[in-house]
């Protein structure tokens, strides 16, 4: 674990409700299940002619993305809008941070504008945790991805995808394949799978892209794709994160595809009803071939749909927990 793994008291209020969503580390199975159940209920909202519920009416959600991600930002915006919140998305490249204003000052100014919640994405591990603990403790903070550390909403939308296609986690074999070393998605998925009772979690990749000590997550390590995929129920493919790599970690993208790219032939080693997932963006012909990404085993587009519902669940639950804590503090101050 990194030193930034979220402490339970910071993420939960005194009643055990979610108030920030920073990491899946330390969160109990019951809370993860509540998030999944709540997200399931929000899937129905997305099927309506009018895709809105009034749970966050009058609240302001600020998306503060210091690292680009069109898919994540858009699904958070849709989630907040479907909850009837007012949404501000800060374009950091044109904001005052590019003029020398610090992260601290930027967020304090947004808080002064009566923001109720921040969705933060940052290239530094621990950024969301720092903001929740030291910058804006009275504003609900949702981690939209921080460095290599965590991407908890992606982890939960992956769990919702698995649960809706496979039911219980307790008899599943799940393989996570690719650049494990640089992937915050891999870390969040491993934590969630372990907490939800998955007995067989496998990570597959070249030795140079598997972190030392990863066994502490309760996973089995494979450096041979065929061996690692044997009889699995779920395959989660990850892209090569070149932007986070130092030189020499792998020979070439072509070499990676030759050894670890998911093809129809290689997928045949998994169970016949295995599902294939990918957090995106997909690099076709690098970690996965088009015939698999677009084939009958792929649930990649389902992940996008479920992501909106999961983010609706997290936003609504964190806002409720933050409000409950504020009321609790006021009552105890009297």
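Using N, Cα and C of the backbone, Cβ positions are placed for all residues, glycine too.
Features of the protein shown, as given by Swiss-Prot:
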type	residues	note
BINDING	71, 72, 121, 151, 154, 280, 281	carbamoyl phosphate binding site
BINDING	99, 184, 239	L-aspartate binding site
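Projection of Swiss-Prot feature records onto the structure.
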| residue | record | contacts (Cβ under 8 Å, 6+ apart) |
| --- | --- | --- |
| 71 | carbamoyl phosphate binding site | 280, 281, 304, 307 |
| 72 | carbamoyl phosphate binding site | 65, 121, 144, 145, 153, 154 |
| 151 | carbamoyl phosphate binding site | 143, 144, 145, 184, 185, 187, 188, 279 |
| 239 | L-aspartate binding site | 178, 179, 278, 279, 280, 281, 282, 283, 286, 287 |
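In the structure shown, the C-beta of 280 has more C-beta neighbours within 10 angstroms than that of any other entry among the binding-site residues 280, 281.
Residues 71, 72, 121, 151, 154, 280, 281 are the ones the record ties to carbamoyl phosphate, and the longest Cα gap between any two of them is 16 Å.
According to DSSP, residue 184 (L-aspartate binding site) is assigned to a helical segment. Over all protein chains present, the Cβ of residue 121 (carbamoyl phosphate binding site) has 23 other Cβ atoms lying within 10 Å. The carbamoyl phosphate site is defined by 71, 72, 121, 151, 154, 280, 281, and by the 8 Å test on Cβ atoms against their centroid, the other residues of the chain that qualify are 69, 144, 145, 185, 279. Note on residue 154 (carbamoyl phosphate binding site): other Cβ atoms within 10 Å of its Cβ, all shown chains, come to 25.
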